[in-house]
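Below is one structure, written out as structure tokens; comments come after it.
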Amino acid sequence: MKIGILGGGQVGQALWDTIHMEKENILNILGEPLEIKKVLVRDLSKKRDIPKDFLTNNPDEIIYDKEISLIVEVMGGEEPAHTYIKRALEEKKFVVTANKEVIALHGDELHKIARKKGVDIAFEASVGGGIPLIKTIKEAMAVDKVKEIWAIVNGTTNYILTKMEEELRDFEEVLREAQKLGYAEPDPSKDILGLDTKFKLAILSSFAYHTTIKPEEIYTEGIEKISLRDIQYAKELGYKIKLLAISKFYNGEIEVRVHPTMIPLSSPLSSVNGVYNAILLRAEKRGDVLLYGEGAGPYPTAMALLSDILEATHTILYSVPRYYSFAYLYPSKIKPSDEIYTRYYIRLWVKDQPGVLAQIAKILGENHISISSVIQKETSEKEGKAELVILTHKTYEKSMSKAIEEIKLLPILEEWGSLIRIEV
Ligand SMILES: NC(=O)c1ccc[n+]([C@@H]2O[C@H](COP(=O)([O-])OP(=O)(O)OC[C@H]3O[C@@H](n4cnc5c(N)ncnc54)[C@H](OP(=O)(O)O)[C@@H]3O)[C@@H](O)[C@H]2O)c1
């Protein structure tokens, strides 16, 4: 059985190594050897551990090779990966990919082509690295109804937030260290701004709710505005700040959002630290299912790819009927983001004078927001100013947005700090 790989970078190399290291195991599972015929790279002269004879810089040598019946895409990015996958499926080749961007943006289209051509596209490696998330949702949860997803699926942001919290260091300083250690890309914007998490949530939610969630429908905030002060206040109040991917499906409406979230120390997600990922699935019959593990890294990712490859290869070799997922079946109704109903933490600098708290409490009260606690600290840091932290009970996002607009117009406001949603 011959396969081709599009991409010979970190993951492509790890897959090459894994397939060679696991030769015997693979032979036992498949009943015949798995051979990598060609690997597509951009630069043939680059030093790498894949022998030169196996490399090509011409994608057609893999996509249109009649001997190759399965193609693994590990190039990354939307294009040309999306076009190559599409061509491969049209050529009736099975595709296995680690590309969250392509699946989040074009999963629906690619699945339709795959079914029409009698093949399939598998992408376990696109979310959560080595953690078997897609298989769990696609197979184990197929006849249960997933009602909620709570997930930490970006190792870079989780590493930064963990370091800020444990070592009481600023965002910028920890980010620079993460880049030096290889935990953050030279251009970290996709991770920091929450875009990577948004793509992953689009994939997970489409599968969990059997529909199509487009990334642009997901309300998204990154961690770039989280300050050390917020981290310290969260700690003092018994919370941690995590970049959460949240989705819920109730009454025919899907709520999907990605934003920094304060979670209590009693939540199992609060102990997911560093580059680790975790996903909490709340299902109707099964209740809570928690999956935890290494969310990235070339070798865990190669393992996820290999499990998809073995399953697809089995289908090809023994004509086993494919177990298709239920994703993309139904249209989705997305709940408007101003209808989010949650608790809030707000932090602001105000004039240090009597009656300030009463003015803020009045605005919150007029917008039907009830305060659960207030911290006001005397500080010599900013003369004449006091820092105020307010935690609210549950309220609607639209009420909170209106109240903040009004608070920002108050003459007693010196400086706006931050707003973080609290979930339990
Ligand atoms: N790294 C991880 O831990 C991890 C974890 C989970 C998922 N993933 C996903 O896995 C995929 C690959 O990631 P990676 O870290 O292995 O990336 P990478 O190290 O940048 O490797 C990309 C490979 O694709 C080749 N390539 C890129 N564009 C090409 C083009 N237009 N034509 C021909 N070849 C091209 C590159 O060729 P050259 O070598 O010649 O430059 C390189 O070999 C991405 O979708 C990523 O999101 C990665």
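Backbone N, Cα and C define each Cβ position, glycine as well.
Among the features that TrEMBL reports, NADPH binding site is placed at LYS100. The L-homoserine binding site feature in TrEMBL is assigned to GLU185. Residues annotated as active site, proton donor in TrEMBL: LYS200. Residues or ranges marked as domain 'ACT' by TrEMBL: 345-424.
LYS100 (NADPH binding site) and the residue listed as 'active site, proton donor' are 6 Å apart (CA-CA, integer value).
Counting only same-chain residues at least 6 apart in sequence, those with a Cβ under 8 Å from the Cβ of the residue listed as 'L-homoserine binding site' are THR156, GLN179, ASP191.
Its Cβ taken as reference, LYS200 (active site, proton donor) is surrounded by 26 other Cβ atoms within 10 Å in the chains shown. The domain 'ACT' (345-424): residue composition by secondary structure is 23 helix, 34 strand, 23 coil, according to DSSP.
Within the same chain, residues at least 6 positions away in sequence whose Cβ sits under 8 Å from that of LYS100 (NADPH binding site) are PHE123, SER126, VAL127, ASP196, PHE199, LYS200, ILE203.
In three-state terms derived from DSSP, GLU185 (L-homoserine binding site) belongs to neither a helical nor a strand segment and is classed as coil.
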